[in-house]
């Protein structure tokens, strides 16, 4: 359950991070690959070495989608419709990986925002990313 | 558990840099704020009414420090973490009745607090080593539950 204040906070944070979407996205992915090697299996067709163009463009896509969703969280199911289909029928990523990625995104935010990543911001962001992942997985079955 | 040289050095390095009081208190407070159901174990700890109260609560701060110092034992006995925590595991199970899932929640909060402290230096590889260490601790703490 997200309060109005939390939704504001989440939208603010992603708005601020949109200009560095590539950096944030690539870092979160790299953290996931380092801590959950199984997640790399979904990227066997790409070059996911640090600072590779594939990694950065992919990271950027993900962050921009998360940022877009944050603009109107009550509309997540609508905003994510096409991505739901993509993930369910084409990518077919095991949803545990969404949890791994969300955690690594939180760590990335902590490393970048340092003390600004307060417990309240952390709680709000964790809730948002969980909701995002749940909606993303809705068409899986 | 097999530890690489990098992992041993990384764990030793991180813990040598930690301000136990600041990090311990901040971690426990963060856990109670981000995962409010964990407050069930802290009924006698005074005011946990909102985030500000939790972050200013001296009993929570003190207990956080205690927990972090508990991790020291694992840092000093990396090759025998299971045995090191056998007693603490029994305590958490039989006396404190803590659901072992909570250990993972606290360890995730610690990872984030350390990331905020170290910033860029908390690279993916360092994070992996730290999380591996914490997962061994979490597993050892859950070992004596039955």
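Glycine is no exception: its Cβ is also placed from the backbone N, Cα and C atoms.
What TrEMBL records for this protein:
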DOMAIN    B:2-146  domain 'Globin'
BINDING   B:63, B:92  heme b 2 binding site
BINDING   B:63, B:92  heme b 3 binding site
BINDING   B:92  heme b 1 binding site
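With every protein chain in view, the residue among the binding-site residues B:63, B:92 whose Cβ has the most Cβ partners within 10 Å turns out to be B:92. Across the domain 'Globin' (B:2-146), DSSP assigns 117 helix, 0 strand, 28 coil.
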